[in-house]
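First comes the structure, then the notes that go with it.
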């Protein structure tokens, strides 16, 4: 099995290899710097949009990272955030995705970041509360098969033959799932082509329960990261999912991208055994064997999502289709986390997109004015805003190429000094050649 490195749970890992340390720091710094050029609500208008949208994330990683450790950690970062492989994803889209979540540190951090909050009692309470409020207007087991839309309204037909009429319709399904619905008239060639080019991410969630949180007793937080080369690991990221009161001690792991697809053929017991072996190695114990319950969920097997966390965009899609994803078509409006301009891919983005689509329909009906349409979500003052600015170390640590240039300049200086001491007059190039010949 692979090597073990320990680091604080809410901090990026540091490397014994100083070149790898520079590599990873420069990779993250570059992501944020490039993201500053991208308009969150129109990424296709970025100055380098065409160039970046024609490049995969893997090409960018290979161009930016000089060390094996740096490349592997960069690929891990891409896989865990967008559940797709670096060779599949557009660089422009990935840069936008990180930027609209607040940057590298915010998207991965627990305290003050994207991984901090959970809803007490479970997120399903939102839909359960809506069901209580809406009552019989919520229709389960009513898969929509067709939508007719015109200036007079919309007609929705379900697989069981029932029909519903309304003034507008809001589609909050993942874009690829909209191809299961027949629209009359068609939503147009651009929308149809876009839906064919937005595959869902690939991911499993694997969760093991124990009698006690033994990893805490060993002094660990429960957070584990595994790089792409560590193929023995079924998951690449694990966090402690024990309830706040200490009940139901649990570790939850994420198995994304190619790993999710390659381990489909295994049985649940085989995946659980791989997970236990990984945790035993990571925590240097055999306590991971004492599982009291195991759960796994394959999001790729969900009929009406086809994957998770959200869609990913291959090269060329963002600059070609631009705002097509969220632009309404007559009385048909589009919601879903993919259409959000902030925290797309998260529940935050999903809720905000629903509010935006509802306002679009209300505006067309004349029930709200432009002021309400343009209103922004107020800040939540109950949650302190965390400062994720780079430290001086992170800001000024050189990249590997810069460091090598500094070494070259230093070597040149030493060569000139040595030549001067010997009374030899050399031009800088001759001095460097002289030094190399001596070594």
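Cβ atoms here come from the backbone N, Cα and C positions, even for glycine.
Worth saying up front: this structure is predicted, and the values here are computed from it rather than measured.
A strand conformation is recorded for residue 144 (FAD binding site) in the three-state DSSP classification. All protein chains included, residue 144 (FAD binding site) registers 18 other Cβ atoms within 10 Å of its own Cβ. The FAD binding site feature in TrEMBL is assigned to 144, 338.
The substrate binding site feature in TrEMBL is assigned to 254. Shown in sequence order, 80, 203, 204, 205, 206, 235, 236, 237, 238 are the residues of the chain, 6+ apart in sequence, with a C-beta less than 8 angstroms from the C-beta of residue 254 (substrate binding site).
Residues annotated as domain 'Amine oxidase' in TrEMBL: 2-361.
For residue 338 (FAD binding site), the Cβ neighbour count at a 10 Å cut-off comes to 24, with all displayed protein chains included.
For the domain 'Amine oxidase' (2-361), the mean pLDDT of the prediction comes to 94.
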